[in-house]
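See structure below.
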Amino acid sequence: MAYYDYVSKEQLAGFDKYKYSAVDSNPLSVYVMHPFWNSVVKVLPTWLAPNLITFTGFMFLVLNFLMLAFYDYDFIASAHEHVHVPSWVWFAAGLFNFLAYTLDGVDGKQARRTNSSTPLGELFDHGLDSWACIFFVTTVYSIFGRGETGVSVATLYYILWVVLFSFILSHWEKYNTGILFLPWGYDASQVTISIVYIVTAVVGVETWYKPILWHFHYRDMFSIMIVACSFTVTLPMSLYNVLKAHRNNTLKHSNLYEAFLPFLSPVLLFVLSTVWVVFSPSEILELQPRVYYLMVGTAFANVTCKLIVCQMSNTRCHALCWLLLPMTGVVGLAVTGTVTDETMLLYCWTAVVILAHIHYGVSVVNQLSDHFNIFAFSLKKPNSD
């Protein structure tokens, strides 16, 4: 693979001065998960590289996504008598999700334990977290599905965007304040999702069809919880932290335009993808929901990773992500009917987005590894023999 220097010299200089600063005030995380992670990290071998832990955890989520895609590609198993997801799949999904969450919690502790903390490690961790959003959201969707007792693919699409914007809010905060305020909803959601998978393995998906009260179903409860958590906890806390920094004169970007610049590309991505959904001649979201979610989530991860690079290097956020330019053309071809086979167009564009994001990620990791003279997946130093 040919690498490209996506990180500028100014950004590399900014990485040299970077110091990690984060606040985790979530009671579940502080009093339950951190003590658990502290116990787990003690049994890990000291030769195990933190980035390898991060990548392994991420691959558990990808494995969940592929596993459910095999058994329930169209999200219809929960409401279709001829499509069945075995109980062991739900049990494995719960185990893999919790393992991914645990490894995401211990990678930083392993880095400090082995004295191998680097800006690359944080970037790698948060970069994969941004991509992980699409995998755990779409995987848990198979529990409820798109039947009468489930959630429509359009509703899930907008719920996905709520999750994506909740994620980027934390990095927008850090871009403006210099401090990463870890969101409360993440820990609660990961523990809940893992438990729901295990419960589903024991009692079956049919349990979730039954109304809790009158016509109020579990699907409604979960949808309301996600949206409510984002708009009553995550968003207000983010705005409060930024406002507090402004009052203390510690805000990095006092200009309103500069402060909100990181939202331009995500909003444009939302507009473009929603235009395709709404004006699609063949109703592409109904035809290929899984691939469409994957395309949107991967494009979002690419946009977010570039914000994280700017945030960590203390440089100005780019106004536009170049990936949005060809996407504008793709959406135009689709909604105007110029390309009649929308499914093939979506497949091709999704492949381009995934390959472009992987190329970006590998190039940035390679570039920073060379800059800091380290191996990304080993504690051994280059030329140390």
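Cβ from N, Cα, C; glycine included.
What TrEMBL records for this protein:
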TRANSMEM  52-71  transmembrane segment
TRANSMEM  83-103  transmembrane segment
TRANSMEM  123-144  transmembrane segment
TRANSMEM  150-170  transmembrane segment
TRANSMEM  221-243  transmembrane segment
TRANSMEM  255-279  transmembrane segment
TRANSMEM  291-309  transmembrane segment
TRANSMEM  321-338  transmembrane segment
TRANSMEM  344-362  transmembrane segment
| request: Count the Cβ pairs between the transmembrane segment (344-362) and the transmembrane segment (291-309) that lie under 8 angstroms and are 6 or more residues apart in sequence, then report whether there are at least 3. | output: yes
| Which of 83-103, 221-243, 291-309 contacts the transmembrane segment (123-144) most, counting Cβ pairs under 8 Å | 291-309
| task | Take the transmembrane segment (83-103) and find every residue of the same chain, 6 or more past its ends, with a Cβ under 8 Å from one of its Cβ atoms. | result | 36-37, 40, 53-54, 56-58, 60-61, 63-64, 67-68, 71-72, 76-77, 132, 136, 139, 142-143, 190-191, 193-198, 200-202, 204-205
| query | Relative to the transmembrane segment (255-279), which of 150-170, 221-243, 321-338 accounts for the most Cβ pairs at distances under 8 Å? | reply | 321-338
| said: How about long-range neighbours of the transmembrane segment (150-170): same chain, 6 or more residues beyond its ends, C-beta under 8 Å? | reply: 75, 78-79, 129-130, 133-134, 137-138, 141, 144, 180-183, 185, 219, 223, 226-227, 229-230, 234-235, 238, 262-263, 266, 270, 277, 285-286, 289, 292-293, 296-297, 300, 304, 307
| task | State the non-local partners of the transmembrane segment (321-338) in its own chain: residues 6+ outside its ends, Cβ under 8 Å from one of its Cβ atoms. | result | 265, 268-269, 272-273, 275-276, 279-281, 284, 299, 302-303, 306, 345-346, 349, 352-353, 356
